Amino acid sequence: MSLQAEARSTAESASAAIALHIDAAFDAVFSPSAPSVRLGESVLRLRPKHANGVREVRVRWSLHGAADAPLVIVQGGISADRRVAASGGEAGWWDDIVGEGRAIDLRCRRVLSIDWLAQADLGDALAVDSDDQADAIAGVLDVLGVRRAHAYVGASYGAMVGLAFAARHAHRLDRLVAIAGAHRAHPLSIAVRNIQREVVRLAARHGDVAAGLDLARRLAMTTYRGEREFAERCADVPRHVDGRFRFAEEGWLGAAGARFAQRFDADRFLSLSESIDLHAVAPEAVRASTTLVGIASDRVVPLADLCELQRRCGSAAALHVIDSRYGHDAFLKEPAQIGALLHEALEP
């Protein structure tokens, strides 16, 4: 996709995030001892980075936790949605971290999360940018009447958007926790994602989008997960089946690819994958109290990028590095380590 040659200024874009109306009714009563959840949709006026002018954009959001408690924004990777914690009998994508008695305790915190915007949500915009996601979150804060968030906790793409939010809406954030996400995408990771997108486009031209998403996810898994996990999971010798050798890696990656293809829309995937690669934030503009979390085995976000981000950050930033067999996905697979760091970072 082509990009607009001139990006809109930060101030101009940020000022356009104005809420028009709320479609969801609020019917729950909350107290610190009885956390609950609100699900809502709001139409906001946003000025997308890669478009001309203002667009009305529908944003879906959730608000978990105790009424009037400090608000924490929580966002995950491109596969994550607004259901960050369990509710209504459905599991949340980060239940090990967000919930009663968890590191982000819903008895004493409110947690806001949105469904990521895709390019299609922005009308004729050329792409969706991390800046657009940040402005959407700011617009939802306006809808909720929240002037300032206690913290933003983001992982993977969510960390990128958190950095954009901290840079664009500095007056609305006390502290930032960015897990496995930097101020820009690493060129090697961009190259891999480009191949993923081309696989999906090629499959679509041949009438089998699901196969493209399946293969794209398999390729992604080779970067999301660490070398140790591959070595431990895939130690079996190849088996000769149906005229060819089958390797242990195939079953694991194939299952992951099939699950992804069943639940993810191709256009949405292409849009959000590209959004990762378009992400760019000047670290000097990030002035909130910042905690960075890197993963030693992460091949998507190298530690060198996080070290650069820490050095250039506009305020003092702490960098913590955890060891994990799970690579980039450690933020999902290491709740004890991640939870301990979050507990420390979010304490008053």
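Using the three backbone atoms N, Cα and C, a Cβ is placed for every residue, glycine included.
Automatic, uncurated: that is what TrEMBL annotation is.
As recorded in TrEMBL, the features of this protein are as follows:
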- 129-335: domain 'AB hydrolase-1' (DOMAIN)
- S156: active site, nucleophile (ACT_SITE)
- D298: active site (ACT_SITE)
- H328: active site (ACT_SITE)
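Around H328 (active site), the same-chain residues at least 6 positions away in sequence with a Cβ under 8 Å from its Cβ are S156, A180, T223, Y224, R225, I295, D298, R299, V300, V301.
DSSP classifies D298 (active site) as coil under the three-state reduction. Mean pLDDT of the predicted structure over the domain 'AB hydrolase-1' (129-335): 92.
The number of other CB atoms found within 10 A of the CB of D298 (active site), across every protein chain shown, is 26. All protein chains shown were included, and the count of other CB atoms within 10 Å of the CB of S156 (active site, nucleophile) stands at 26.
DSSP classifies H328 (active site) as helix under the three-state reduction.
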